[in-house]
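Scroll down for the structure; my scribbles are underneath it.
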Amino acid sequence: MLAGARGPDLLGSKPPWTRSAAANDIQDKGICHSQQGGEHRQQTSSKRSCFFGLETKPELVWEDWNLGKEFTKTLVLKNIDSKLQKLNLRPPVSKFFTTSTPQKIVISPGTSFSIPVSFRPLQKCEYEDSIEFQGKDGSFQVYLRALIPHHALEVPDSVKLSICAVQHSSHTTFRLKNASKLHTSFQWLCAAPFHVSPEQGLLKPSQECRITVAFQPQEALVYQQQAYCWFGEGDKLENYCTVLLQGLAKYPCLQIRNPVTTELKEQEGPVLHFGSVAVGQSLQKHFEIFNPSSVTASFSLSRLSDEVPLFGSEFSCDVTSGKVEPGESQWVAVNYSPAVVDTVSVEYLRLTCRGALNDTVLKLSGTCIGPKVTLSSSVVDFGCAEEGGAVIQTVELLNSSPAEAFYQWDLDCNGHSVFRIQPASGTVHPHSKTALTAVYRPTQPIAHHRRVACLILHMDPLFLDMIGTCHSELEKPAILRPEHLILYKLNWYRSQHPLDTLSVMQQEHNVHLDQQRIHSVLEEQSNQKIRQPQTPMEEFYHSYLGCMDPLSSSSSFPSPHVSVVPSELLFNHKMSSSMSTSSTSSQFICLTNHTRGKLRLVWTVAQDSSFTVSPTSCDLAPLKTTSFRVMYDPKQLNSVHGAQLECFAYYKDSHHIGEQLLCVPWCVTVRVTGHSFQPGKEHFIPCCSLMPPRVVFPALSVLSYQTVLLQNDGDLPLTFFLDHSSNPILAESVCVIPNSGLIQPGAHQILSLRTTPTEDSPKHGFRLQLQLNAAKHTKELTIVSVVEKLRVSLDGDSSLYFQPTAVGSQTQCSHNIRNLSHVPLRFQWCIPESDLEIIFVDPDAGELHPNESSMQTWSFRPLAEKTYTVNPTLTFWPIQTDGSNRSHISLKVVGMGSKVFIKALKAVVDVGETLVGSYRSVEIPLVNSSPCPVSFCLSVQQILLEEDLIYDPETEPSGLQLDCEKGTIPSHCTMLLRSTVKPQRQAQYLWTISYQTLNAIGVVSSPLQAVCEVRAKGVFPTLQVIDVCSGDSGGGRLSKVHLWKLFSLDNLNKHLLCNPSSAELTYRTPTRHSLRSCPSIFTKTMLDFNFSAAPLNSDPSTFVLIFHNPGYIPVDWAFLFPEDQQIELEYWADTGEFRNNDLNHMKVQDNHLFSVSPRSGTLQRGQQRAVHFSYRSNTAEP
């Protein structure tokens, strides 16, 4: 499209001039211009036309001109005809255009003639004139025009953008060209949702640029609007052109689907379940984002909650945003990397699509499982071994979990113990087992028993009882057997050993107790209440710390028989000010006898060890304490050392008890660590790792345990001890076992942590520092042990509103609850007993994992017409507790009971007349004007209003069938009840449609109530003769009364107006099953049409009967002659013998003696038709 600016008025002679066809076409197309643009004028001036055999330009145009000068153009005339052309020339009328050519011109065929035309302007305006040529065949004009330059732009009429999603954008470009000789400024004005860029600019003559149109719809509509481009010189933008911008916007839609791993639940939506995943491992699953819409959709994936879980997010997604083309899909990978054993992780991904009507939420869930390790045997019996000898047994660790198990025996296997297990630490692969070698190498002739803990990462420890007895040539103590452990375990958790009681009894009575009495005493005491540790981890802490355990006063922990203080020693380590300096080469430990018997203490001596104990054995009186000296004498300088020293204690005077009541010895250990680096010598640079580096305890004020793996990744030994100096108060709130130790290259140490979280603990945790290699090297372990308040959120600001509900019926509503705590919860809904018949919820109890939501389905069943307000209470408590300390939150439930009713728009629906046996559809609008939906069932009662009709209402089939007998109509809505009317007889029908409301379980809850009445009349087609007359002169002498009798019209009308019998209604063509030309089957009446007598070969006798339809429905009628009756073969055709009747019928048919015209037809209601009956007397009758 070309748009130009209007120029000034024309100067000249104003000769007749007609706009060219091209210009008219452009103007007709709606181009906004006041005068032709420059490009169009150039095309017109350069175009040549033919006038009477002469080819020339239709006009000469001057564009680039100035005042005070003369500008000349040449007009060329070419004779393309085969004859000589003679022309008379009329020069321009005005003084502004001049030519020096003579007024008569002769042009030979095939030659040209040039006419110079000069233009001398005097004013800055447009000029117009013409030169006229007159020939033999006629005249024509060549127009002369001088134009001043003006602004003109070329733009398309319309621009259509591609279909676009709501809140998205689509783009396209079009060309904007300066069609003038002037510098033209432009500026676009465009309304949303269209945007034009650049909005303004300057174009040089003939310059063009690309304009970008952006379509950014906010609603799904069809958009069509004009964009205005104002243009002109500088800031004077006085002209404009328009471009029609068109765009279509639709709502985008994205679906999450995956038939393999996504479980679509009606309420919860899509779920991506990872199942059980081993700790430390990762599982990847995929889901599909599908675009079923016809527009490109942009999406973003984000977490439903901005709060990051306390232990960090265990789900990671590789896609956060993207675009999906129509009909295409994008697969998204999600990784699940659990870190906390025996926890269920739940997170929600929100799929947000810009412009979509709603978001989709994907639930991610997975369970973290740890190792499940068992021992092939809980007791290893080495039996009897000679002093200096060794006994070897085998025990197996079995891991039945898919998680790898890291284990470590709390046992010194470097000579400081009479027992040894190899390997002392390592891993057990998933679903496999590891064989361990247990060695018993005694050095002194006594009985040995040690209950060794096998520490396992992410699992409670296992315990292995190892027993053995050492004999020498001089001493052969009673052999310790597994049955002795049974007696020991029955009494281990008592404050005193049964042998203490026996010793007291012997001292008081000074008599010898026989074996039977001893057994009775032990049995009596064993039947008393036995206190046992609650968990294996508690037993491990109690056996390790003994009297040093701050929880030892708890009733679940018995007093130890023998205790040692301290249980850990550090040599040449610099410790915090709260601890004693350990730079000396020897330290003292104290052992206490808590029994009433005299004990013998024996230390296990290791050869060539850097650590020794003095004395190696001694006796300890009842309830007494003794001290031992532990010396550190390193055999190698600039190195680190560590060991676990072992001491066995047993009753010194238990030999008289006998082998059957042999007392099991006890074992106490002291962990020692030291280094021999000389001053100024650089210590080993540690290379180690912690797994996990961050330990999160359950956010409950209960005693909790965790385990951590300290791995020595270097090639040199590594020592560690817990430094409390950085934060002594918080550090001492966590009990770590062991506090110190030595880790060989490539080995690991499992640390056990115990604490009771508190409310004043830092929310994001605090750090424990492990000092490594007795130097400034440290490793930090973050501990999170804070008690948080249980939080559960209820949707809808803790309110739930039901829509008005019909009394006795039921309405359901969904409501979400969410666990905002970091601990799993168990919940229970409590509804007041008086309201249990009104509202109920499903599920009413369950479990909620951290960050998990549960959709509850609430049901409301009002019993009366009133408003109900109920306040059920949600009770919840941590799963790890017994539920004694519960939290509560209330939900406000509001519902209104309302009475309902249904009515029809018309109380009486008159169907009118309906053909008996035919079908007629009827739609009855049913209106529910109540404020709540209505569930109903319909019934129909039929009455025949004919007084003389006898029928049985029970067996009479109903003539009204309802397409739907049950349904629900929403509040303030209308439902079209479709039904079918099929009358079974000719009668006046009356049907009463009634309804009954249904309750929540579909049972009728109200009496019958009439909705409307439906009336219909079943009718048969009716036909009667209302007039008869003669159609010829002969018949004209007969009166109508006589004709009425000749044609038996009274009987005919009587039978035409009566109801057809059931036999007549059997077949549409009643004579097709007859065997005679005068059928007797289904023929009810025989009538005579008497045409009277007539002379032979006289004119036909014609009579006219006027048939009338007096009924309400159209009637089809037909007169059937024998050839029309579709009867079986006649008798003579089968036998070949003719009877008189057969011959007579054949003569009548062959001679066409009788005729009826027309033979058939249709009469509408009240319509009449004349039927002609004729008889020809061509043959003589006998």
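Each Cβ is built from the backbone N, Cα and C atoms, and glycine gets one as well.
Since we're looking at a predicted model, the values are computed, not measured.
For the ranges 508-532, 758-782, 1158-1182, the feature annotated in TrEMBL as region 'Disordered' maps to 1158-1182. Highest Cβ pair count under 8 Å relative to the domain 'HYDIN/VesB/CFA65-like Ig-like' (271-366), across stretches 153-224, 796-871, 902-1018: 796-871.
Per-class residue totals from DSSP over the compositional bias 'Polar residues' (1158-1167), listed helix then strand then coil: 0 helix, 4 strand, 6 coil. The DSSP breakdown of the domain 'CFAP65 fourth Ig-like' (380-473), given as helix, strand and coil counts, is 0 helix, 61 strand, 33 coil.
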